[in-house]
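Features as listed in Swiss-Prot:
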type	residues	note
CARBOHYD	50	N-linked glycosylation site
CARBOHYD	293	N-linked glycosylation site
CARBOHYD	368	N-linked glycosylation site
INTRAMEM	77-97	intramembrane segment
TOPO_DOM	1-22	topological domain 'Cytoplasmic'
TOPO_DOM	44-51	topological domain 'Vacuolar'
TOPO_DOM	73-76	topological domain 'Cytoplasmic'
TOPO_DOM	98-109	topological domain 'Cytoplasmic'
TOPO_DOM	131-138	topological domain 'Vacuolar'
TOPO_DOM	160-174	topological domain 'Cytoplasmic'
TOPO_DOM	196-219	topological domain 'Vacuolar'
TOPO_DOM	241-265	topological domain 'Cytoplasmic'
TOPO_DOM	287-305	topological domain 'Vacuolar'
TOPO_DOM	327-345	topological domain 'Cytoplasmic'
TOPO_DOM	367-383	topological domain 'Vacuolar'
TOPO_DOM	407-416	topological domain 'Cytoplasmic'
TOPO_DOM	438-503	topological domain 'Vacuolar'
TRANSMEM	23-43	transmembrane segment
TRANSMEM	52-72	transmembrane segment
TRANSMEM	110-130	transmembrane segment
TRANSMEM	139-159	transmembrane segment
TRANSMEM	175-195	transmembrane segment
TRANSMEM	220-240	transmembrane segment
TRANSMEM	266-286	transmembrane segment
TRANSMEM	306-326	transmembrane segment
TRANSMEM	346-366	transmembrane segment
TRANSMEM	384-406	transmembrane segment
TRANSMEM	417-437	transmembrane segment
């Protein structure tokens, strides 16, 4: 009896210790998120930095500190899970992308976007897969199967164009922004559909019948996922329109929109469809129909709530990727063969550059043949910008790599460990190095005139104080004349007159 009671007390103490560790981890992570937001805002106007790179660097620095404190045992305060990423973090990002998209530009360039996002991703997938198979077999990095090589193609075909989109201006370059933005979403969806199809099929003996079945399954998922997203968006519009006749409730409207959007994502997961495509088109349909059936207060609330959720999810992902990159367990397996890991990373970066160029320039040429107006054509500078925008790799690549090459985030197999560490290296290098060069490159290729910059500033200020679509001010216009939009906010000014900045 005494032994049983002692065992129970030990288990209770261990449980409390575990709960306390979780609370400490969450406190630290929330504090880091706040730091990322503040520093990202302060560094927003710099020539090189953006919020994604800021979060990645803060995550890496935090990982180093934790690694030193733990005596080299761990650099993590949370365990990475691809389920956490795909079920909780990705939905708000993709839904907000569809909800905030400028539909006129998106559908005007829909065929070009699908050309880049679907056909282009397939071309990149083929080049990376066969290039990796041909080169990695010579390096003898481990027993990778044909399914692994095809998965590598899908993993590194998934782009992350956040850095470029933060630099581009929707009002100054609507065509370019629409193409980069639309292609990024369709690209992620295509990569995930390809990855899921690879895992579903037995690809040990590929023949024409399996290839046709694979292609048929791919287009089946694409079409059905889009249809489900459209249906979910229309259902939300119908429910909100019929449910609150004469008695609109902002709380219920916002809650219903959020839940129905998330339901569309989970239904796609339930039926093994592309949840990314589903929730993206659900967001587009909701912004076109559902949004106009709610009150003005609900319009303002949903617009900013969805944007804030998406923003937090993006920062969370980059922060964790930076922290997880220094996890000692992943690098321990490959420490005896660092040259192989560096070689694999270099080859993957080269294949990414080649795979991207192999479709951007030829498909741009084909797209230009169908355009009559010079404004609708993609000139060489725009093509280079589109090519560059897709060179960064992010959390989608990380999550897919974990899914393919690890079990519960861990692996002791050399080939799998090399692929995980190489994925981390490619994500870090492309996000930081390519990301740092993005601002000056885009500014050089797409210079904004002084007049257009002034116009964009005026548009931003008008939309900040009064949204013409909503017919409702977002901020109070009292004392508007005292507000100087070009005034630089610094810590020195904050300490001199804190009331001016806090009230």
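For all residues, glycine too, the Cβ spot is worked out from N, Cα and C.
Structural mapping of features recorded in Swiss-Prot.
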residue	record	Cβ neighbours (10 Å)
50	N-linked glycosylation site	22
293	N-linked glycosylation site	21
368	N-linked glycosylation site	15
Item to check | Rounded distance in angstrom between the Cα atoms of residue 293 (N-linked glycosylation site) and residue 50 (N-linked glycosylation site) | outcome: 36
Checklist entry - Taking the transmembrane segment (417-437) as the reference, which of 23-43, 110-130, 175-195, 346-366, 384-406 gives the largest number of Cβ pairs under 8 angstroms? => result 384-406
Next on the checklist: Taking contact to mean 3 or more CB pairs closer than 8 A (sequence separation of 6 or more), are the transmembrane segment (110-130) and the transmembrane segment (346-366) in contact?
Outcome noted: yes
Checklist outcome for this item: Ranking 52-72, 175-195, 220-240, 266-286, 346-366 by Cβ pairs under 8 Å to the transmembrane segment (306-326) puts first 52-72
Checklist entry - List, by number or range, the same-chain residues at least 6 past the topological domain 'Cytoplasmic' (98-109) whose CB is under 8 A from its CB atoms? => result 170, 174-175, 177-179, 181-182, 185, 279-284, 286-288, 291, 302-303, 306-307
Checklist entry - Considering pairs 6 or more residues apart, do the transmembrane segment (266-286) and the transmembrane segment (23-43) have at least three CB pairs under 8 Å? => result no
Checklist entry - For the transmembrane segment (346-366), which stretch among 23-43, 52-72, 139-159, 175-195 has the most Cβ pairs under 8 A? => result 139-159
Checklist outcome for this item: Model confidence over the topological domain 'Cytoplasmic' (241-265), as mean pLDDT, sits at 83
Next on the checklist: What whole-number Å value do you get for the CA-CA distance of residue 368 (N-linked glycosylation site) and residue 50 (N-linked glycosylation site)?
Outcome noted: 32
Checklist entry - When DSSP states are grouped into helix, strand and coil, how many residues of the topological domain 'Vacuolar' (44-51) land in each? => result 1 helix, 0 strand, 7 coil
Checklist outcome for this item: If you count CB pairs under 8 A between the transmembrane segment (220-240) and each of 139-159, 175-195, 384-406, the winner is 175-195
Checklist entry - Taking residues 6+ outside the topological domain 'Vacuolar' (367-383), which of them lie with a CB under 8 Å of any CB in it? => result 111-112, 115, 175-176, 179, 360-361, 445-446
Item to check | Close approaches to the topological domain 'Cytoplasmic' (160-174) from elsewhere in its chain (Cβ under 8 angstroms; 6 or more beyond its ends) | outcome: 50-53, 102, 105, 180-181, 183-184, 314, 385, 388-390, 392-397, 431, 434-435, 438-439, 442-443, 446, 448, 452, 455-456, 459
